């Protein structure tokens, strides 16, 4: 250095730098190190940076004023620096030779300024709006220039005349220009020309954010502000950045995956060819990795290991690795910086011990601590940002890849993974990857942190550290054991929960039957029994939770205790001073995180590897060969040809179709017939290329339209279902609707053709679905139509209409080629050719006449079927006449009435409800949401048209909560926990914090012994008190977390019990207007939150709150002035927290709302993949799925950033706390002992984590407490009348006669609807048999509902045996009447339970009832007899048997009054006769009301009541009524019972 600066200018002097109150750096140091530092940085970085700019060119930016200023200042700087250089040359000529440094530094600085100016321009040309590289350069330059700036001012003030005037002047110019450059660098350039930000309506501000804004996530503030002012909506969200979108991510991953597959295949072929020169040509219809024929396989098996699988992991790493590594680099940096603060702390403590040091040392240390903490914050959050974004991208790419694959897998592959499994791949497995990426870096970072911490601890405490580490290691198996047990309990808990939800679902589905039978109590007990088991498991989990919380809180303490105890007892000279103790404590605290994270990361790695394998297997499935069907067929005459085709469903399956040869001439209609299972549908699939072609040729000419046997309907509007991506053409569309007989249906649907159709077409009947599917085919205007039995689902006259208008020789498709699979014999004479299949071969083919003349299999088939067909059609026609007779009433008032004429719909509904029950069993299921929607659409259809508007309102009542949660809700929860218990919990938490503070204050006292030399005598006392305090804290932690858990469980029990009992007391009308999915959601999702999520949130919240509070207390106690700063910090804290909570809550809601469409669209696609492929719409559907994923990520991404935004802000507050704690320690160093300094600063260093978590927990608490609110809302719906009224109890044997009187009786379904029965008056004597008839919607079912008081009177009254039924309790009334309902509802459980849930009757009684109801023999043949299990909804019994079970229930109760709501289409005539004869014999003396659909059952009744529009039209004996020739006569005539 002397050579550079000369002997007069020393490089370093301790006296002027450190040991003085006015420190200054020597001139040589200023000119060399300080001047060169920024230059070295810029020259090192610029080559890399220029290369980066060349790679990432975003287009150029127009020259702006800002840019001109930057450039001009840059040139000025160069001039200023070189002025110094020339001045040095000038001095040389004057013979005052300056030292070499005066030449070198200006030269270096000048060229660097030119480089900076060059960078400014190249950034502009490459579209960089704000530069981090230059910002850091200017920042360093200013920082390094501050010291010379100060020292020049000091020098000037000391000396009278100023030497070297020019250099001082140029330096001031230099300083001000650099400062200007730094300020200008903070501003942004305008976006580059033609960039997407210009065209995008709502671009993400991150793309245009400046360097500072990016570093602190300032660009997010606008959204946080908007979210605070009003709840965010989907339209407020920014567009997804191009690089995060599906169109970028998915192809990237798929490219790498294709490379992997190709590599695996080529390796395999190489190993194959070594054994076998030329593999035989493959004939399978495949694009699979394994192109080997069977013979070759045998040869290879002998000496070749399993084929090498392509590695999906490698593909993932290649795609996302580079981006993820940037995050890892940040993590490495952060790990290193973490250990700076403990070192600074030790310096600070040494500083407070010494009196002979200048104060500025302390201030420098304080600011250094602040600066490193702040840097650590920024770096950590950028690491997280990179990791989470990678996770998000991995999820996008995985979902996209799985979706694309699902569209093209073969049927064999589809069999191996069900729809549910594939949906799981994209929901659960993709999610696992996403969770893993966040912490994947911990795999190497945790060991690194542990090693560094141990190294520093060793330096501090020597070998005694090992004692502490041993304790940590011993705690790991404990935690692992607890985790294992907890997982086992969770599984058990899930099973109980599933059972409870399943039962609840049944109860809610059959709530009407429960009410009619007065069985609520029994079922309530069943639910509560399961709930009790559930709570028992929760209690066990709570024990474990308490132990693990204790382990987690006491771990650092135990480690410290053992280390310190060993340290002082090993050697008498070892003295525990403040520096050692508190630096060790802060290092132990750093250790705690990686030690806890490692096991978690490893277990989530294990889970992710399972997921990886599953996804890899799925993506390696065979794909359909697009060339198996030749579409380029040019022969003019035949549209469809199959030559000698043999097909199977999977490679290894036996063929389904053998040597089929078919030629279909252009424009002809081919019918395919044959018995069930002969391969008719398979033939259609073969033509679509969905089957494995084992041999032969298939060619189809032109485009294809396909109508599958089970119509596939999308969850979209009816119009979208028909257009299926084609442009809308009004005239063509109308003609299609007419041809498919859909026009009348549109008038029925609430929104016409814009009605939203639920998943799987749930709100259409089977026939409607099939017609929509036909309309789609017709609209697509293809060349070849493949129709797989489209007419079986529709009624006879509709199928005739469709055949004539559409398929037949006169239909709209008469010019097209049609292949029709059919069972309907009536159409066969009108087709061109008939293909008869039998056992997978073509048995005959020809026109109708030819086949009849051949008198082969087909002629026989006709003879067998013709008779049945004719009978069937007549019956159908009758039913249809009846429906058409009264069209305006077809939409009835009540669900069950509607169901009478639509058995198909009914089955669909039941199946659908079963689905819900499966779905809701999982609390967080993405599909429970969509289920609610169906519930609505389904019930909407049932309401009378003029009431439609209001009804829609009735059902859409569920609102997403917005805004803050009311304090009342928290109080409700506290009340549910119990006020005393709540107070106790808070007290315990207070005590535990006090114990923790106590032990640390004791430690600081102990360390102060070191200064006063009384260490020897009271070491034992110090250690034992320290241990006692720590152990007390551990025990208190355990007690408090256990008490809290007990309180939470008690609250959960109370809330659930209230909800359940209220729901069972709720009147029927509530269930008619509330979709079941919504009620189930309260019982599954919300109760789950109250059971599991809420307690852990409360625990964490209380824990972090106490930690933050105790930090404040400790700092205030040691430096009271700190109290002045708390209000300011608290204000900022609350401010940030409010913004964050409001925004993040809404973002979470938006994210979950946009998540379910991804999965529902996906499962829909999988079920309809053959249709999508047939119409060639793969690409469109892929785009739809991508759009849905992107829509979801649009709300997920701001959610990630909001956490980073919050983290930086809150940790900044934490860093301020560190700064002030250190500053005050420096200021009051005279009065403070080193122990207290260590105490307050080490507490401050921990606080950032607690503060950060506290905000998150507050936010989670607000999100979760909503569940209490929702459960509360449904626990307070208005109940029905009391079940029992003590002072109005009827006599036990009532009713004895069975006399029923209606007096001027009126009733309506719900407030605000019209009357269903209007002032009815009638008297029925005991023992009479009354038939009730009337058209749909006349109020027949309402009569029965009134007797049971499911509907309360709107006027008038009913009395039975002189007792007014409105005055007695509901159970007293309902248990004395018996009903055989129209829909037989069974519950899962034993048969005995289904007959007699209260165990009131003996087994003999039950058997007798079974005998009379003709079920005796069936039950005796069952191995379990009466204990036979009925499945959900009685699935394992036929409909007829279920009806007989209901009859047996009635026989058991044997009350005086029987109501029989007769079933329609669900039941066969045989069962019907059985029931009628039983009733005639067994209920001879009872009063019987029968709602009849088949008049022949009531022709021998005492009297018949004819209702019309809610009034009595006729009431007399059947014979009299027929002779009167009124309404009844008309009905009897229709039924063929009167002439």
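Cβ atoms are placed via backbone N, Cα and C, with glycine included.
Heads up, TrEMBL stuff is auto-annotated, nobody curated it.
As annotated by TrEMBL, domain 'ABC transmembrane type-1' applies to 325-607 (among others).
Per TrEMBL, the feature domain 'ABC transporter' maps to 640-864 (among others).
Under the heading domain 'ABC transmembrane type-1', TrEMBL lists 983-1263 (among others).
If you look up TrEMBL, you'll see 1300-1534 (among others) marked as domain 'ABC transporter'.
For 263-291 (among others), the entry in TrEMBL reads region 'Disordered'.
The region 'Disordered' annotation in TrEMBL covers 923-948 (among others).
The transmembrane segment annotation in TrEMBL covers 33-52 (among others).
Annotation source TrEMBL lists transmembrane segment at 101-120 (among others).
The feature transmembrane segment is assigned by TrEMBL to 132-151 (among others). If one looks beyond the transmembrane segment (132-151) by at least 6 residues along the same chain, the residues whose Cβ comes under 8 Å of a Cβ in the stretch are 24-25, 27, 30, 34-35, 37-38, 41-42, 45-46, 49, 116, 119-120, 123, 171-172, 174-175, 178-179, 181-182, 185-186, 211-212, 214-215.
Under the heading transmembrane segment, TrEMBL lists 171-187 (among others). Within its own chain, the transmembrane segment (171-187) is flanked in space by residues 66, 69-70, 73-74, 76-77, 80-81, 109, 116, 130-131, 134-135, 138-139, 141-142, 145, 148-149, 152, 210-212, which lie at least six positions past its ends and keep a Cβ under 8 Å from the stretch.
As annotated by TrEMBL, transmembrane segment applies to 360-380 (among others).
Among the features that TrEMBL reports, transmembrane segment is placed at 436-458 (among others).
Summarising the annotation, TrEMBL assigns transmembrane segment to 464-484 (among others).
The transmembrane segment feature in TrEMBL is assigned to 541-568 (among others).
Marked as transmembrane segment by TrEMBL: 976-1003 (among others).
Sequence-remote contacts of a segment are chain residues at least 6 beyond its ends whose Cβ falls under 8 Å from one of its Cβ atoms, and for the transmembrane segment (1093-1115) they are 542, 545, 549, 553, 973, 985-986, 989-990, 992-993, 996-997, 1000-1001, 1041, 1044-1045, 1048-1049, 1122, 1126, 1217, 1221, 1239-1240, 1243-1244, 1246-1247, 1250-1251, 1253-1254, 1257-1258, 1260-1261, 1264-1265, 1267-1268. Feature annotation from TrEMBL assigns transmembrane segment to 1093-1115 (among others).
Outside the transmembrane segment (976-1003) by six or more residues, the chain places 557, 560, 564, 581, 585, 1022, 1025-1026, 1029-1030, 1032-1033, 1036-1037, 1039-1040, 1043-1044, 1046-1048, 1050-1051, 1054-1055, 1102-1103, 1106-1107, 1109-1110, 1113-1114, 1235, 1239, 1243, 1268 with a CB less than 8 A from a CB of the stretch. Within the chain carrying the transmembrane segment (1212-1229), a Cβ under 8 angstroms from the stretch's Cβ atoms is held by residues 348, 351-352, 359, 362-363, 365-367, 369-370, 373-374, 377, 1111, 1115, 1118-1119, 1121-1122, 1125, 1129, 1132-1133, 1136, 1237, 1240-1241, 1243-1245, 1247-1249, 1251-1252, all 6 or more beyond its ends. Counting residues 6+ beyond its ends, the transmembrane segment (1121-1141) has Cβ neighbours under 8 Å at 224-225, 227-228, 1112, 1115, 1202, 1205-1206, 1209-1210, 1213, 1216-1217, 1220-1221, 1224, 1227-1228, 1251, 1255, 1258-1259, 1262 in the same chain.
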